[in-house]
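Undergrad: Before I ask anything, let me first share the structure, which is written out below as structure tokens.
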Amino acid sequence: MDNFRNMALQNTSLLLIVLQICALAWQAWAQVDLRMEDTVEVYMDDSAEIPCLYTFTQAPMMVMVQWFVRERDGVRVRISYSDLTMQKVDENTTYSDRISVRSNSDGETLTIQDVKLSDEREFFCQVSGFSAGSDERRTLLKVFDPPEPPVIEGALSGVSVSGESTAKIASCETRDGYPKPNITWYRDHIPIHPANGLVNVVTLVTRESSGLYTVQSDLHYKVTKEDKDAHFSCEVSYFVPGAVRTSESKGVNITVYYPTSSVEMWKESPQGLVKEGDTVEIHCQGDGNPPAPIIFNREQSDVELDSYEGLLVLKEVSRMDSGVYECHALDLDAVNNDEVLDTLQLTVHYLDPAVVVPKDSEVMLKGESLTATCNALSSLETSTVWFKKGLEVGRGHIMQLQDATFDTAGRYDCEVTVPSLPGLLTSGSVHIIVQGAPQIKDAERDFELMEKVGAWVNLTCEVRGYPRPAITWSITGSQSQSWREVDKKETEDRIHSVVTLKVTTDTVAICNSTNDFGIETKIYNIKSIPFLQTPTARKTSVDNSGVIIVVIIVSILLLAILGSVFYFLYKKGKLLCGRSGKQEIINAYSTKEKTNKDDIVVEMKAKKTEESVLLKGINGEKKPPNDQHPEIINGVLS
């Protein structure tokens, strides 16, 4: 019996072992392949999708899928369940109203709406095919929120290079980012790395109640003089789904205080060369910050010159102001304060008054020669031009006057200039007097004039000479009371006289001019023309204009009479003459070259009584031949 019991126990144990081996073999053959992503990244407030894909080696009779999430305390909480008969979202969880599950042929996808920072946790997908196998995988959901652009602020006060340690020169802050952003400093777009005693970066990270991060970074930096023109900036780098992005701040310049190491001195005005009388402005500026006070003095002189904020003004300079000027920077922080200076050589150019030789005036005789000079002492090369009455007559310091005449006399001005400095100019003059006997204009000509008796004529006498000549007129032929001097003009070496003379007979007028050196005369011979009266003129004397008027009146009357005669003959029908009578008149007129008008009248009367009509007056009465007008007869013949 015991043996049977023992054999039964052994058989049972053997059966169990076989069953276990079969179960293990079944499990090894019946498996599920479950696949999930390690992480899923999403922007905050967006939707996140977490896929759960699975396949079985043996078709299961039923599949059950459950979704779990790990809470902050580590406890797993189911949030969704599905099988062949149902699919539901668990109630009373933090995801009850924000998740949905979508099934497809190869698995499920969990969708989370309006993702929050608190959603950054592990999500589990558990798949069970019962006898066909089961498995579980997890995905970490990562949430991102880009920070605000960085805001940089430089040190409000200046930073001195003389400090022994680093000083805070700028601060950079970025707000509301997740995950925590990082800040990097740059100097002129070159990264700044911490260095002992030179660069130190202090970072303050704050986690806001919203879960977002605010990062503040302070840059402590030991500045040098070279940093005065540098620009410092900060860059924020932060994570986004699948990438890393950056945002750079604007650059700020730091006010750097440093001692003066050198000064520069220059002449601001006038531009170019300086001449006497100019106002000179000299500037001096050091390279320190803040600018050190500037003082001016002349070389080898301790006397401080009056100046204001690095400006030295020299008014109405003279040649005595020429020399070397110095400027110094009074900077107590300078290493070698006594050696921080600069110098400027100032040269004031000048032009002395012109000296003319001969001085003032010079007397010379006609035909002589003279050399005049004009010089002016100057610090620059000069140029001299001679003028007479505004016209250029020579160039150079020396002027030669050869074979002097009265035209040589006059004032000569010399003008001395400096071509390289137009503002410098001086001038002088010399008055040349030429002595000589009188010289009458046009004295070599013979003046023969013909004038009517009673006419008035003007006689001119223009004389040059020095001393100024005297003029006397001598009139012979006309009555002494019939001439007078009407104009007389005098200059230093010239006299101009005009006399008016009434011609009564042949006259000789003589202009005599004399001075200490001689005498010269000018003669006018005037031949008188008697006044002739015409036969028809009245016995009383009339002037030429009256005669012309009388002639015009008589001509008009004769034309009126002639017109009346023609009109009368036309009315009577006797205007045309007979052929024979007309031919005889023409023959008589053309065969005698010197036939007078009286002969023509006689011949007409002898020929035909019909033609005697021509001798009638306007009233039809006949008149003797002597009373007839020759003009009327000539008009008929024509």
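The count begins at 1 with the first shown residue.
A Cβ is built for glycine as well, from the same backbone N, Cα and C atoms used for every other residue.
According to TrEMBL, the record shows the following:
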- 1-30: signal peptide (SIGNAL)
- 30-141: domain 'Ig-like' (DOMAIN)
- 149-253: domain 'Ig-like' (DOMAIN)
- 259-347: domain 'Ig-like' (DOMAIN)
- 353-431: domain 'Ig-like' (DOMAIN)
- 438-527: domain 'Ig-like' (DOMAIN)
- 547-570: transmembrane segment (TRANSMEM)
- 617-638: region 'Disordered' (REGION)
- 617-630: compositional bias 'Basic and acidic residues' (COMPBIAS)
Undergrad: Please work out which recorded stretch in 30-141, 149-253, 259-347, 353-431 has the most C-beta pairs separated by under 8 angstroms from the domain 'Ig-like' (438-527)?
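TA: Looking at each of 30-141, 149-253, 259-347, 353-431 in turn, the most contacts to the domain 'Ig-like' (438-527) are made by 353-431.
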Undergrad: Within the domain 'Ig-like' (149-253), count helix residues (DSSP H, G, I), strand residues (E, B) and coil residues, in that order.
TA: 5 helix, 63 strand, 37 coil
Undergrad: Using DSSP, how many residues of the domain 'Ig-like' (353-431) fall into helix, strand and coil, respectively?
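TA: The counts are 3 helix, 46 strand, 30 coil.
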